[in-house]
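Noted in TrEMBL for the protein shown:
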type    : residues                             : note
BINDING : ARG67, GLY92, ASP165, LEU166, GLU192 : S-adenosyl-L-methionine binding site
Amino acid sequence: MSSGAGRTPFTDSDTADEAVRATCDDASTCKRFATSKGYWTDLHVQYFVRQIGERKAPEINRGYYGRVRGMNLLIDAFLKKTQCDCQVVNLGAGLDTTFWRLKDENIMPKKFFEVDFPMIVARKIHHIKTKPPLSKPLIETHSTDSLRLDGHSLDSDRYCIIGADLRDLPALEEKLKKFQINPELPTLFLSECVLVYMTAEQSSKLVNWVADTFPVAMFINYEQVNMNDRFGQIMIENLQRRQCNLAGVDVCQSLDSQKERFLSAGWESVNALDMMTVYSVLPREDVARIERLEFLDERELLQQLLQHYCICWAVKDKLSLGEGSI
């Protein structure tokens, strides 16, 4: 080897991972903008994203509204079904604020875990440490004076954030065990536009591992779908221009291919709806309210966008956890 021995060369996969990490900022800034417009209330996103940022198109705001509302309906249904005697694991959580919402609404699980790239986790921990509105809820639910902290993890009685690569299952499992995950508790796994950045083989191994490890579980995945038409191809090309490779896009061909990933991994019941369908079954009064916030020029563009995302939820142990709840 050259004199650079011992130092891993910067590879294409590093560039790809960096591009994936940038999508975390995209989601946060879009949520920050939509909440500033009044689409939904999030009292904590402002502490992760200070600037409201440039204007986002109305269809983007409505798309995020559908995503947040749809995910929250399923999360809350799981918490209600288990009477909060459960744990939640948010995979690729980014700067997500769900833990703080659940604390505010008094529907916290026994413990809430988040996993993401160490670099993103370090940033999130910095925000939490330096902003009392974020740290106070953790301290209030913690039995001792000090939170357990190091560079890439933060652990408290009810909230834990871990730096890990979801493609490295042995390391992920080891870290979750270290922070006292309990496989005997009903466990909800969340992922939003995360599995698509892993190969189909890697994401299959992940959902297999969850099914094998947690006897009572639910997995909610928000992701692209119908990606083999022209609109889907344009979405892929736009991401590729930013060096973002959708390594798992083959699973995003249809609702059936999304469901098959879980069915072939031993999940007992699986549902999937595209976001146009989800949007159409959200509480009409609130949808009417948000549709008055901004004029939408082309409803067709919103429909196209929503038809290319879906929520897929899988249940193990026939708890009927997600059935019919959205």
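Placement of Cβ uses the backbone N, Cα and C atoms for every residue, glycine included.
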Maximum Cα-Cα separation in Å among residues ARG67, GLY92, ASP165, LEU166, GLU192, which the record lists as binding S-adenosyl-L-methionine: 24
Binding-site residues compared (ASP165, GLU192) - the one with the fewest other Cβ atoms within 10 Å: ASP165
Number of other Cβ atoms within 10 Å of the Cβ of GLY92 (S-adenosyl-L-methionine binding site) across all protein chains: 23
Neighbourhood of LEU166 (S-adenosyl-L-methionine binding site) by C-beta distance under 8 A, where only residues 6 or more apart in the same chain count: LEU91, GLY92, VAL115, LEU172, VAL194, MET198, GLN202, LEU206
For ARG67 (S-adenosyl-L-methionine binding site), the number of other Cβ atoms found within 10 Å of its own Cβ: 23
